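Summarising the annotation, TrEMBL assigns transmembrane segment to 21-41, 53-77, 98-131, 151-171. Sequence annotations record features per position, and here TrEMBL assigns region 'Disordered' to 221-259. Residues or ranges marked as compositional bias 'Low complexity' by TrEMBL: 233-259.
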């Protein structure tokens, strides 16, 4: 029990809270403590009956306990933790702001496509942002398909189509992930660009982050660092070929490979 408690407390705070609440919500439904009818996204009940908790519970329930729930939890925990331990290390407040930004956009889009639960879309958003920030990580899908990280969301989308699941959940998750990636990683790198998503000061105080830490993506993770379907490496400019510093070798990322 001590080892289990130690492992649990080592999980970053945002990942630990979100995954724990997701598991507890599913267990509560499984034990008939609450009904899915009390949790699903319903704009009419939210507005007219003031059932505002549905704005949160739609992201917390992943269906009945089974193989689908297990895989959803594995993907959610895995990529949520890798983001928080990676590009959001020391910036938990910015990570929470990403949750808020993604949740608001998904809720808006969910109105038009009549989706009841958005937890899987939220997971796809996490996967998409991680894959774009780690473009050179090799992936392996069930030992059959080898590809690089930016293709992972599309592989998951194809799997949903093969299994006959609705693809709108995956499309919304990938779309919101792409919007966040452009606003946070692409636009600020432009000549006249700046960060459009600002983290409120109270969130920084909540996580005791008083010093502004703007995320600066490594050169290999910035837009254009991944060659979609291309071969070979980018060619250095003639006047920089001899003096340009060589990029540091990336650490192994075997733990990031999708199983």
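Cβ from N, Cα, C; glycine included.
Note that the structure is predicted; figures quoted are calculated from it, not measured.
Outside the transmembrane segment (151-171) by six or more residues, the chain places 113, 115, 118, 120-121, 124, 127-128, 131, 139, 141, 145, 177, 258 with a CB less than 8 A from a CB of the stretch. Through the fold, the transmembrane segment (53-77) approaches residues 15, 18-19, 21-23, 25-27, 29-30, 36, 38-42, 45-46, 103, 106-107, 110, 116-120, 122-123, 126-127, 258 of its own chain, all at least 6 residues removed from its boundaries and within a Cβ separation under 8 Å.
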